[in-house]
């Protein structure tokens, strides 16, 4: 109960579960017997997931079962066998592909991943790969496009039945030999299965090494661009800049400019120094106005003795100061010096020796002579202040009890929902009543306070006549006999 698949990459042997899946195995064996799978494309390769094939059209939407070959289009698909349940646990599991309605045709898949539980109950497992897992691994690692179709054709060239326990149906037409492929089958619009992809064919070993070196340099440039060390992968260093190294630490910019200026005008000459200590790093960059002058200096000045040092001159490979598509450009020594100067500047903020006491702008200092008058004025102003604070507190309370306004309130009012207007009127009434209560309370309290204040703060010369009047009233209210006796006693 096994079938050998001869592919363009190698042979694969599949063992079938004929006892657990008799109908699916019968369908697969008889399709192999009539050479239905010959020259079928492997049209779906999803790495570490599945390899799908079995469609003669190569689109993934075709194919029919052996029963369709025998009984017509009404039998193109057969029902899936779900009992007993076999899971997609290991690599190399072979399953019939579900057409979307729990039916199978001719397409099947081989798993290239483990524990694919989401395939269980959807696609019917009917076998496993026992030989040729290395070929399955090769197919799994092939290059594919966005639709998971391989760029180079991978086909099933031939199928060989190693063991078939099922009898052939009476109307089954078995060909004597394998049929030849048609042009439509072989023309997939992609790289042919028998085509060799060799970029180095017909080239010498030196040319091959040069091509490899160029590819490696390009890869490294792209990597440096991704990291951020290069502004662009296609950028080239300037051809009018020389790199001079092995300098004496005492050599200055002016010395180098004077020496190299005999080859032509120089735009800039800079000895690179440590931005902290200012000491020379013993290398420099010299930029000429013309490339010809730069080439002359390169050939003439290499290994020349300057300040008791043999210098080395080469073309600069640095692109640090090159502006390219809005990128590039680095901080220079002068930038760091300016930054240090800004840091060394004294701050504008100054600490004060004493903190000024907080004073109210409405009140001034009071002299000792005006102590009594100040007390009365202070009490009067404090009353005003209390009244103001009370008024502010009332306004705050009104604000605190204000309801949260619905942003859709105006829209609802226009649409005719009147309950919002009723709620507003009720709220205004309640608000006015509360305000009246507060005002009445404040008035009564102020009256009581004013009466108490007037009685307690009246001077003595105002209280004496008041007491005399009260005594007179008392005398009048008494009986006339007693009053006459009192008068007589006065004149005795």
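Numbering starts at 1 and runs along the chain as displayed.
Every residue, even glycine, has its Cβ placed from backbone N, Cα and C.
Quick look at what Swiss-Prot annotates:
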type	residues	note
COMPBIAS	177-187	compositional bias 'Basic and acidic residues'
COMPBIAS	426-436	compositional bias 'Basic and acidic residues'
CROSSLNK	201	SUMO2 cross-link
CROSSLNK	212	SUMO2 cross-link
CROSSLNK	218	SUMO2 cross-link
CROSSLNK	321	SUMO2 cross-link
CROSSLNK	362	SUMO2 cross-link
CROSSLNK	405	SUMO2 cross-link
CROSSLNK	460	SUMO2 cross-link
DOMAIN	1-161	domain 'PPIase cyclophilin-type'
DOMAIN	240-318	domain 'RRM'
MOD_RES	178	phosphoserine
MOD_RES	182	phosphothreonine
MOD_RES	393	phosphoserine
MOD_RES	471	phosphoserine
REGION	167-188	region 'Disordered'
REGION	368-409	region 'Disordered'
REGION	423-492	region 'Disordered'
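Positions of the features from Swiss-Prot, shown on the structure.
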residue: 178; record: phosphoserine; CB count, 10 Å: 12
residue: 182; record: phosphothreonine; CB count, 10 Å: 9
residue: 201; record: SUMO2 cross-link; CB count, 10 Å: 7
residue: 212; record: SUMO2 cross-link; CB count, 10 Å: 11
residue: 218; record: SUMO2 cross-link; CB count, 10 Å: 12
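Here the domain 'RRM' (240-318) returns a mean pLDDT of 91 for the predicted model.
Distance from the CA of residue 201 (SUMO2 cross-link) to the CA of the residue listed as 'phosphothreonine' is 30 Å. In this structure, residue 218 (SUMO2 cross-link) is part of a helix by DSSP.
Distances between the Cα of residue 218 (SUMO2 cross-link) and those of the recorded positions 178, 201, 212 are shortest for 212. Applying DSSP to the region 'Disordered' (167-188) sorts its residues as follows: 4 helix, 0 strand, 18 coil. Here the Cα atom of residue 212 (SUMO2 cross-link) is found 44 Å from that of residue 178 (phosphoserine). When the alpha carbons of residue 201 (SUMO2 cross-link) and residue 178 (phosphoserine) are compared, the span between them is 34 angstrom.
For the compositional bias 'Basic and acidic residues' (426-436), residue counts in helix, strand and coil come to 11 helix, 0 strand, 0 coil, using DSSP. Secondary structure from DSSP puts residue 201 (SUMO2 cross-link) in coil.
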